[in-house]
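Undergrad: Have a look at the structure that comes next, please.
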Amino acid sequence: MHLRYIYREIINSRGQAAVYILCVALSLVTIVAIDSFRRDIDTSLLSDAKNLLGGDIRVRSHRSFSPELTKQLAQLAKEPGIEATRSWELNTVVRRADGGASVLASLMAVEPNYPLYGEVKLISRKPMGSRLKPGSAVVQESLLKRLGGQVGDRVLVGNGDFGVVDLVERESARPLSFFNFAPRIFVSATELERLGLVGLGSRVHHQMLLKLSGGRLQDKGRFEQLVTSLEKAAKQGGEQVDTYLTAQSRMKRFLDNLLFFLSLISVFTLLLAGIGVERGLNALFSRKKNTFAMIRSMGASTGFVVGHYLVFTLFLTVAGCLLGIVLALSVKQVLPVMFSGLLPDNLSMRMALSDIVEGVWLGLLVAALFTYGPLRAVVDVRPATLFRHERRVPINKYKTFLVLLCGAAVVLGSLVRQLDDFKTGLYFLTGAACLIIVMSLLVTIVMKLLPAGHRLPLSYRQAVRSLNRPGGSTRTIMVAFGASLAVLLTIELVERNMHDTYISSYPPGSPNLFCLDIQKNQRSQFRELIGARVELFPVVRARLLAINGVEVDLSEERKRKGDRLSREFNLTYREKLLQDEILVSGKTLFYKATAPDSSPLAQVSVLDRVATMGNMKTGDVLTFNVQGVRLKAKISSIRSRNASMLYPFFYFVFEKKQLEEAPQTFFAALSLPVDTIGQVENRIVNALPNVITVNVSETASELGNIIEKMVRIIDFFAIFSIGAGSLILVSSYLATRMARVREAVYYKVLGGDSLFVSKVFILENLILALGSGCCGILVAQAASFSICYFMLDISYSSCWERSAVALLFLVLLVLGVGTATLRSVIREKPARFLRNSF
């Protein structure tokens, strides 16, 4: 092994070697940074799990605990070594005592020892238990700001009035304020009855926290036995038992979903960078073909040549891996700034050895897959290449295909493992492959449709011919840029349409004030307060137990992303379709009693969305638990909707006679002038303190801030895919440099000047950028329309100005990279080139 020879090869090919190293580094940088960042978050949340939960064990329910569970909790609270605390949480409206502003808040009634772990840190630095006296409240500062008040003011909550005695600086159970649309207010648990907010149909979260000390927590077996006994006592589906090891906080779920999506983008970047690896090595080896042939003609074996260049490639790959890890560490240091407001304060950042090992392993896998083709080409070079231009010696296609297939399987397996979700990861990789296939077809069509008639300018005709230059990888470059632009623009267009629909231009006529928990005996008074005709929707809370006798698998449903069949549903009853509803299965909403397919069972109409979740169809029998009463119902029809998600909708609709006597509350969706919402809210909550009002337009504005922040984060990572496309472009320029120099010299020999050569190259790059950009925009518009229309159920605006900006960005990028790379080609003197060629 001649190491000095390998060293000289690297020095003499430093341009191509640098591109190859950058491609390897780019393939790793985002995925390693995100994986390490995710590991830090998991470690931090696990170490802080007890503070986030507030105890070792948490028991919670949407209604009062069942007698059996209540009995067991009471017994445990009396045992030595176990401390317990009870709390109640609900959303309610807090008003100024002088009748001024009001705000939706998250009320928590707690006992003096809450929380058992962590703390509610107050501005005064006093224990919260000592501040929550009768008639006193502790609130978040944001609540007072929105009310326009200060410490010492009195506020109205339900039927009670409270003096604000202190402010919350930090709550360990809610480390992030970014997700908390309703600011917190704490009162003593002894005030709960005076508030008058906990009644029939109220949306109250009942919670009991347990803290185990001494041997009970140390003994894993005893701890698990205690948890199991509580789970057996808990009513299935309605009451949930969590521990600090199993509880999933809302913050954790959000971060997991966001980081998973960023991992998908990183995998897409990795695939594009892998193409850059292959093109970069091709560019390097294409200039070495005569060198390979000369070495072979001097007696070197194929193994000798391949061995040297395998070490050569391995050295560059390791260098790329190390650079990628350094860049990943740099990117990781930027992430806390980008995620500001989305992360807990005590997050510690570190790069573990496992991150480095995984990065190097993934880099070697990517290099092994994408460098097989170029290294295989080295084997095909024969000494005769020095004397004639031969394309390639026939190779064993079956063997090559088998090797590439095995390599692809290993790499894809590693990527799916990185995504930590086999099914979704496989779907994404399939989607990425489909995107590349569609983009390839569009690029082929564009290339076929390029006009090249004799009446067109000579510089343009030469530019079109140059696109098919051997080794130029024009189609690969266009696919890479088009796919990257499609991903970036799709995210941008979907975000813009969501912003336009829900935030900047709230749909006229859409409900902007929701009123919840209206009691049955308050309907007339509520209508009088509104002063207008308003439809009240009955709400009966229930759980779905079984479909056709098959029980809903709670453990499997908890693993489901998005909506779940195991959650509590809001049922309603009526006899007709809403204006925005249509039937997709069934002739009428309910069968008539005399119909041949009628049944003695209750009838229920289901929304198509939940029907898809549970694979339901008309005729299926559903079993519900309606607040302790089992109810079987046969699906009579399946409905769909053609209006925005802002309008009220229910998954399950029954006949009036089936649910009219069930415990229920009512819900109203009001469409009011924006300047009157505050007045109407105050009028409602002053007369009916138990009613919860939600200003939807205000909530949508806060949601818009979160969406914009997430889009900025996603754009940052998606930009790396554009970088991968740029490296593929540079690789192509380096691979075809000699051909371009030859063309430039011939143009000048035939009477052209440097300006003509520049025009040809600029037009070539312009066609490449416009072609790939238009293909990317077409795919992005189609994908964005599909997401908005079919998934988000919102109107779609093409936002062509944003597409134009994206296209301009791509054109400037390609022209900039091309000009910087080809400057020396344009300046090449014919005499020097011809002298060196002969």
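Yeah, the Cβs are placed from backbone N, Cα and C, and that goes for glycine too.
Quick paste of what TrEMBL says about this protein:
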| type | residues | note |
| --- | --- | --- |
| DOMAIN | 18-215 | domain 'MacB-like periplasmic core' |
| DOMAIN | 264-377 | domain 'ABC3 transporter permease C-terminal' |
| DOMAIN | 716-829 | domain 'ABC3 transporter permease C-terminal' |
| TRANSMEM | 17-37 | transmembrane segment |
| TRANSMEM | 258-277 | transmembrane segment |
| TRANSMEM | 306-327 | transmembrane segment |
| TRANSMEM | 359-379 | transmembrane segment |
| TRANSMEM | 400-419 | transmembrane segment |
| TRANSMEM | 425-451 | transmembrane segment |
| TRANSMEM | 472-491 | transmembrane segment |
| TRANSMEM | 716-735 | transmembrane segment |
| TRANSMEM | 766-792 | transmembrane segment |
| TRANSMEM | 804-826 | transmembrane segment |
Undergrad: Mind checking which residues reach the transmembrane segment (716-735)? Cβ under 8 Å, same chain, six or more beyond either end.
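TA: Beyond its ends, the transmembrane segment (716-735) has Cβ neighbours at 15-16, 19, 22-23, 26-27, 29-30, 34, 262, 265-266, 268-269, 272-273, 275-276, 279-280, 282-284, 286-287, 338, 471-474, 476-477, 480-481, 483-485, 487-488, 491, 813-814, 817-818, 821-822.
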Undergrad: In the domain 'ABC3 transporter permease C-terminal' (716-829), how many residues does DSSP assign to helix, to strand and to coil?
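TA: DSSP composition of the domain 'ABC3 transporter permease C-terminal' (716-829): 98 helix, 0 strand, 16 coil.
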Undergrad: Spell out yes or no: are there three or more C-beta pairs under 8 angstroms between the transmembrane segment (17-37) and the transmembrane segment (306-327), with each pair 6 or more apart in sequence?
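TA: These two stretches do touch.
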Undergrad: What are the DSSP helix, strand and coil residue counts for the domain 'ABC3 transporter permease C-terminal' (264-377)?
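TA: Looking at the domain 'ABC3 transporter permease C-terminal' (264-377) with DSSP, the answer is 93 helix, 0 strand, 21 coil.
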Undergrad: Determine the mean pLDDT over the domain 'ABC3 transporter permease C-terminal' (264-377), rounding to the nearest whole number.
TA: 79
